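Each remark here refers to the structure printed beneath this line.
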Amino acid sequence: MADRQSLEEALRRIWGYDHFRYPQGEVIDCLLARRDCLVVLPTGGGKSICFQLPALLGEGLTLVVSPLVALMEDQVQSLRRQNLPAACLHSQLSRPERKQVLYQLGQQQLKLLYLSPETLLSEPVWNLLRQPQVKLQGIMLDEAHCLVQWGDSFRPAYRRLGALRRGLGRDKGQIPLAAFTATADRQQQNLIVEGLNLRSPECFQVSPHRPQLHLKVKMVLSEYCRRQQLRRFLLKHLQESGLIYVRTRTMAINLAQWLQERGFDSEAYHGGLGPHQRRQLEQKWLTGQISSVVCTNAFGLGIDKPDTRWVLHYQAPLMLMDYLQEVGRAGRDLQPAECLTLVSEPTGWLDSGDRQLRQYFLSQASKYLQRAEVLSQQIPSQGNLGQLKAHFPDLEMALAWLHRRGNLEWLDPFNYRINPGHYQANPLEELKSQYRLMTQYLTTSRCRWQTILVAFGDNSPAARRPCGTCDNCLVGRC
């Protein structure tokens, strides 16, 4: 295994940095020793170096499982600019491009291959990875919090990743598996470890505290008041880059149109846009052609604009983990940034929008769980996903719910076995618990950063003293 001096020489040669930041060196040592790890590192903490450096120094191919195309392309382009052997594989590639990457994979010409969980588990890619000539060095799961997310953004393939090593066979089954995320509390960390079947992982965690982010929550009495607060906020931040987060596609479209009618250069970004439209809009915002984007949580991962001066939550996220991810888009240049969340008054009598939104997402989650229970009575107790998908709609989602609840075991990424009555968890109750945490944050009179850090089990000095910059601290409540 390489010593720290040779690792720092490689760091200097490839990236131009003289020294590692904690815990980069420790994570790299762990991976080079072929041990599993879980890394919770705030946005901008340099997590990509943790898996890119050992991949480039070691022998064989490192797979990087990533949720979004923009995230993959950004990192691969950066590596290619330095003539490093990296590629990404996703559904938006042309047929010749895809063929070229598969050829490079088969010929062992790559050190890093970025791909989504769905692409990884597709038949041509999986069969190629199982070939004896393809030597694997490790599997890195980026944005690992996706494993514990539910709702519209949930992707069932994540629940099958824990069976990767078992499916790859005896020789390749000994490779290390690492999970990286910017946000995960203790419960979510445990879920990630269990869901991925990490083997006695080393855990590295850095405080999520971002002192340059000034957190504020403002109560509104009606939809009209909410829009007027938004308008006043934007007038205060003219010529500054920022993001307006909403929870639904319809709201993104309607709110962007309302802003355009009032002269603001804002556009809507959501999951319904095609790949070309998404890239075009991302570039317009990154290059300053527009100052703000009204977006759902489809926007953000892999988009790095250091001078983002504000984030406004027109509708609050339902989970504290999502909130921390989204405000983390601001202030990456370490300069002060304002993060404002607009919320309905607590009773919901005058403006029931927030309450209805929570009820809607809980209702959707409940429907998924009910569907899973019905399907579990209809499908064979043991079976192959590919053979059964055509006969059972929503099979993948149902199997993911059953796996999360402890009723199902993946024998490999394609074959399952149901364990009836073997309940380990109630996903719906866990979701309600996460919603309550978010509500506590929005209604607290304590320091907002302290509230977040306590919720995430952070023991740093920042968790023991008021931040001095949030709205509660500024009015003397802390």
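Backbone N, Cα and C define each Cβ position, glycine as well.
Some features that Swiss-Prot has for this protein:
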- 28-202: domain 'Helicase ATP-binding' (DOMAIN)
- Leu41, Pro42, Thr43, Gly44, Gly45, Gly46, Lys47, Ser48: ATP binding site (BINDING)
- 142-145: motif 'DEAH box' (MOTIF)
- 229-380: domain 'Helicase C-terminal' (DOMAIN)
- Cys447, Cys467, Cys470, Cys473: Zn(2+) binding site (BINDING)
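Where Swiss-Prot records a feature, it is marked here on the structure.
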residue: Leu41; record: ATP binding site; Cβ contacts under 8 Å, 6 or more apart: Pro23, Lys47, Cys50, Phe180, Thr181, Ala182, Phe204, Gln205, Val206
residue: Pro42; record: ATP binding site; Cβ contacts under 8 Å, 6 or more apart: Ala182, Thr183, Val206, Ser207, Pro208, His209, Arg210, Gly328
residue: Gly44; record: ATP binding site; Cβ contacts under 8 Å, 6 or more apart: Gly328, Arg332
residue: Gly45; record: ATP binding site; Cβ contacts under 8 Å, 6 or more apart: Arg21, Ala182, Val206
residue: Gly46; record: ATP binding site; Cβ contacts under 8 Å, 6 or more apart: Arg21, Gln24
residue: Ser48; record: ATP binding site; Cβ contacts under 8 Å, 6 or more apart: Gln75, Asp142
residue: Cys473; record: Zn(2+) binding site; Cβ contacts under 8 Å, 6 or more apart: Cys447, Arg448, Pro466, Cys467
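Under DSSP, residues within the motif 'DEAH box' (142-145) fall into helix, strand and coil as 2 helix, 0 strand, 2 coil.
There are 22 other Cβ atoms within 10 Å of the Cβ belonging to Cys467 (Zn(2+) binding site). Around Thr43 (ATP binding site), the C-beta neighbours below 8 angstroms that are at least 6 residues distant in the chain are Ala182, Arg210, Gln325, Gly328, Arg329, Arg332.
Taking the mean position of the Cβ atoms of Leu41, Pro42, Thr43, Gly44, Gly45, Gly46, Lys47, Ser48 as the ATP site, the remaining same-chain residues with a Cβ inside 8 Å of that point are Ala182.
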